[in-house]
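Below is one structure, written out as structure tokens; the observations come after it.
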């Protein structure tokens, strides 16, 4: 019998596939302290218990501001925000990010722009927003630039054309998908990141001029939509009061209960926040690599690329990138189909006062705690390992041996988090995130259906969805990683 080429394909792939910069903190797996099924059943039990407890105690709607009326809230409007200095700082930091990428070192770990953008902005701003509210809305550097242009040219603020309402938020979804593709497959370096930021800046300036500042930054600028959704989780909100912006408190998660997705573009965007993070984790596992390099190769691809693994590898490598990109974008619609199916079941077992579409939009924000839990679970170790390097990079942003603020040699030792600790933190975050979503879905169901019994029954499909997401997320975390590539 002719020997199988499959082991050789896996060996070639493991050797030749490139390592992505700033991907994740760990490149190998570890043995779980107890069997996976114990974690899975324990998590299921915790969610079922939270479902029962939520059903018992969720008998009224949430107050928005701890019982304080809006008039009282505006009179006691909280901490003022220095808008102009923050906007200047925001624009200045992104200008520095672009300058260091164009003119600084090519070493991604020694260049300010990689750590600032991917760690401080993409990750850090997400967590600040989840705590304090939508700070990005008032410091958005691209909106600040466009507003400055609009002050000199009023026609620019209005735009040349009316924004097509049928587009909804789909432009933001498309741009977000492109951004995630760049994050996972772009293999960005300091110079290419600077070019991407320049291109995105040009896109915003032109887009705002075509459709007007308000509509462009409401429907198309994807960071704005991302942070606007994350801000619904915050126990504080940033609101206009006394002629300026102030941070004021509100009941945690109250904004989620009172919100709905504006359209299916927002729903797809929110589900992509979930699915892209889950896919990122899945795509690093041995199982994912085996599905492509072994199962798909054996079943289909070897007919087209040949049975010699070394000769087939260049074509297989290209196909692997296409395969990953396809499932990355498809993941949002897979999640949309699953979510829509469970919403349909909800409508089937309880006659709601609204149709399936309205229910899907109404319950969508309750998935945000899961999205944030996935995000923190997947990326928080990067704050520990690379985020702290920002302290030294501010003294030498271009990587030229400077020490502007005396911090260039601080925190030079690599921080390696304990793998077992990371695993348990991840498990806790996933279970807590899903538990909060179960509770919030109950609160929304009370608002929609109007009585406890109907709300409880209606949430059985949503509970099943949460259990599916929980066990699936834990399964991905428990899988051995494929290592480099």
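Indices start at 1 and increase along the chain as displayed.
Note that Cβ sites are derived from N, Cα and C of the backbone, with glycine treated the same way.
Worth saying up front: this structure is predicted, and the values here are computed from it rather than measured.
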Please find, within the list 10-30, 283-303, 304-324, 325-345, the residue stretch that TrEMBL describes as transmembrane segment. 325-345
Cβ contacts the transmembrane segment (116-139)/the transmembrane segment (264-282), at least three under 8 Å, sequence gap 6 or more: no
Where else in the chain does the transmembrane segment (325-345) make close Cβ contacts, counting only residues six or more beyond its ends and a cut-off under 8 Å? 173, 177, 180-181, 184-185, 267-268, 271-272, 274-276, 278-279, 283, 356, 359-360, 363-364, 367, 461-462, 464-465, 468
Among 39-58, 225-244, 264-282, 420-441, stretch most in contact with the transmembrane segment (79-104) (C-beta, under 8 angstroms): 225-244
Stretch with greatest number of CB pairs under 8 Å, the transmembrane segment (39-58) reference, 160-182, 194-213, 225-244, 264-282, 462-482 candidates: 462-482
Long-range environment of the transmembrane segment (420-441) - Cβ separation under 8 angstroms, sequence gap at least 6: 25-26, 30, 32-33, 39, 43, 46-47, 50-51, 54, 58, 253, 256-257, 363, 365-370, 372-374, 376-377, 380-381, 459, 462-463, 466, 469-470, 473-474, 477
Please indicate, using numbers and ranges, the residues of the same chain that are 6 or more beyond the transmembrane segment (194-213) and have a C-beta under 8 Å from a C-beta there. 94, 97-102, 113, 117, 142-143, 145-147, 149-150, 156-163, 182, 186, 188, 220-221
Distal contacts, the transmembrane segment (264-282) - CB-CB under 8 A, six or more residues away: 167-170, 172-173, 176-177, 180, 184, 222, 225-226, 229, 288, 327-328, 331-336, 339, 357, 360-361, 364-365, 367-368, 370-371, 374-375, 378, 469, 472-473, 476-477, 479
